[in-house]
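Novice: Got a structure here, written out as structure tokens. Questions coming.
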Ligand SMILES: NC(=O)C1=CN([C@@H]2O[C@H](COP(=O)(O)OP(=O)(O)OC[C@H]3O[C@@H](n4cnc5c(N)ncnc54)[C@H](O)[C@@H]3O)[C@@H](O)[C@H]2O)C=CC1
Ligand SMILES: O=C(CO)COP(=O)(O)O
Ligand SMILES: [Zn+2]
């Protein structure tokens, strides 16, 4: 390095720096997948693509994406049945001959594409088939492991193509779950602020403001979120994107994942597949909002208006398992300090679950 450069680099002691990664193109709207060729032409990621989808989502949109691209690109496909290390390894192998990846599906498929993209250093495009989670643009991936879910570093997608027609035709339960994922931002923020006050954890006011505003706008528009409506898909996808941007600004999932998410991850381990990700986090958020002394009834009524569950009974989950998940939450990602890490007892956990059924 030349002395001129060293002089330019001198500073007054301020040494903070943050690299924020965001997608380059975000396209949301009616028949958006038809514009995939334009998006790819804009990015120029190469000529061969691996389309990653799930068993169901391949039928829903994976095949259509393949059809749209097959005349101009060398297309291969990979079906990710579940998200585990074996699948990730197989997907990584399948990606070796591809220049770029497209993840077409729900949260697990997109996280699979995100992790493989990061490991292989290849760009990926996110094509969500459901508005069920706010990971559609985030640079983090959630990986279930034996020891519980871990949030792993990944690349955000280079582009997001969210087709509101496809998304509106997904089961409403998925969209309601995505709304619950966003509504749970209210308590994620309270937990982050708590960790800041109690533990000196660094917070980002910008990330907090965006995450909170996103939840507020969604709750304000709750009456428009109806099954089968493309406008509803439009509203919810925008909220999911906005929530994802808050995570990108924070450089972690903190503004969108607190104790209610630790509870959700614990519940998923205890009774896999009984609740969708956002459903579990929504119920968790009612309980942690109560512990924060906030308006937990407002969280509950917002979830109910959107059609998301507010009690374990609606998901056929025994109350006892929810109590266990509340107590186990502290073992999930212990470095993430939340209201559930403050010595919750079994009695208070039992009370929290009873409270969910209160009129
Ligand atoms: N990376 C991040 O920042 C985030 C990651 N996540 C992760 O995402 C996952 C949750 O995502 P979900 O989408 O709820 O779960 P998921 O990916 O398991 O999908 C749920 C179900 O919906 C089906 N599905 C998707 N689109 C459909 C459609 N159009 N029609 C019919 N069925 C359709 C799928 O086949 C699957 O059976 C969790 O693993 C969670 O931890 C969630 C939020 C943020
Ligand atoms: O789900 C998330 C935000 O909604 C983020 O996931 P983690 O809880 O795995 O960090
Ligand atoms: Zn979430």
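Glycine too: its Cβ is placed from the backbone N, Cα and C atoms.
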Novice: Given that TrEMBL lists 134, 265 as binding substrate, which residue among 84, 99, 181, 221 does it place in the same site?
Specialist: 181
Novice: If TrEMBL says 181, 261 bind Zn(2+), which of 172, 196, 277 does it name for the same site?
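Specialist: Looking at 172, 196, 277, the one TrEMBL places in the Zn(2+) site next to 181, 261 is 277.
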Novice: Could you measure between residue 107 (NAD(+) binding site) and residue 265 (substrate binding site) for me? Cα positions, answer in whole angstrom.
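Specialist: Their Cα atoms are separated by 14 Å.
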Novice: Among 261, 265, 277, which binding-site residues lie by ligand 1, judged by Cβ under 6 Å to any atom?
Specialist: 277
Novice: Around the Zn(2+) site formed by 181, 261, 277, which additional residues qualify by having Cβ within 8 Å of the site's Cβ center?
Specialist: 133, 134, 180, 184, 256, 257, 260, 264, 278, 280, 281
Novice: Take the Cβ of residue 130 (NAD(+) binding site) and count every other Cβ within 10 Å, whichever protein chain it belongs to.
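Specialist: For residue 130 (NAD(+) binding site), the count of other Cβ atoms within 10 Å is 28.
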Novice: At 10 angstroms around each C-beta, which of the binding-site residues 111, 134, 181 has the fewest other C-beta atoms nearby?
Specialist: 111
Novice: Looking at the binding-site residues 181, 261, 265, 277, whose Cα is closest in space to that of residue 111 (NAD(+) binding site)?
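Specialist: Closest candidate to residue 111 (NAD(+) binding site), judged by Cα separation, is 277.
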Novice: Please find, for 134, 181, 261, 277 as listed binding glycerol, the greatest distance between any two Cα atoms, in Å.
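Specialist: The glycerol-binding residues span at most 12 Å between Cα atoms.
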